[in-house]
Amino acid sequence: MISAQNLVYSLQGRRLTDNVSLTFPGGEIVAILGPNGAGKSTLLRQLTGYLQPDSGECRLFNKPLNEWSITELAKHRAVMRQNSHMAFPFSVQEVIQMGRHPHRTGNQDNETAQIMALCDCQALANRDYRQLSGGEQQRVQLARLLVQLWEPTPSPKWLFLDEPTSALDIHHQQHLFRLLRQLVHERQFNVCCILHDLNLAAHYADRVVLMQKGKVIANGKPQDVLTQQALTMLYGADITVLKDPANHSPLIVLDH
């Protein structure tokens, strides 16, 4: 379980997270939604130990994040940031194998090959990472995270993904979320992701968190949270929320 209690973080006099408390019990895909500047990425950085809050506390398995060593924390959670540029000419396979750094054993070629296949990266293996498209880089970064967390442990693993679909085509968006569901159900993975695509969140997330001006304003199942009234107030956009006939999840449509 990961928990956040009364997180406050300010920068240049502006509250980026304002008394945020959340619990992530595990076994689910959680989507964090909100307009630009709502505090989503700041919250994610605090939940993963990359940013210390001004006040409040984050815990992993009831142990404060600041009491975990970097190496041990990296065995339990992995993070995909919005930007993953590299200055040096690493091959795709080398980038993916960087996920082994927290572990004492060296590269596991069979494991790496399996994960590259899961993430549709086999054909990219020998290419210069810097020459890939944005979507290809996102697939490679996901593979690196899975290599980092693939080694079996008694406790669950956590994937934190900041806008993981921002550069993916529709096929790879679907592939990503089907894979995430498989990891949740079969390998004790838990997923927390920031999204801007409301319909992806409605279709695939087990739980949705809405943020506005550093505060959590809603937290629950997609059908309870993604209402027309809530989304219109949150985004200031003219939208209609319908019901998807295939699975009865919310279907968000922009009005003309």
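Just so it is clear, glycine is given a Cβ too, placed from its N, Cα and C backbone atoms.
Quick caveat, the model's predicted, so the values are computed rather than measured.
Now, the feature entries from Swiss-Prot:
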- Gly34, Pro35, Asn36, Gly37, Ala38, Gly39, Lys40, Ser41: ATP binding site (BINDING)
- 2-238: domain 'ABC transporter' (DOMAIN)
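Put plainly, the binding-site residues Asn36, Ser41 were compared by Cβ crowding within 10 Å, and the winner is Ser41. Other residues of the same chain near the ATP site, with their Cβ within 8 Å of the Cβ centroid of Gly34, Pro35, Asn36, Gly37, Ala38, Gly39, Lys40, Ser41, are Met211, Gln212. Candidate binding-site residues: Pro35, Ala38, Lys40. Fewest other C-beta atoms within 10 angstroms, Pro35.
Looking at Gly34, Gly37, Gly39, the binding-site residues in this record, the fewest other C-beta atoms within 10 angstroms of the C-beta turn up around Gly37.
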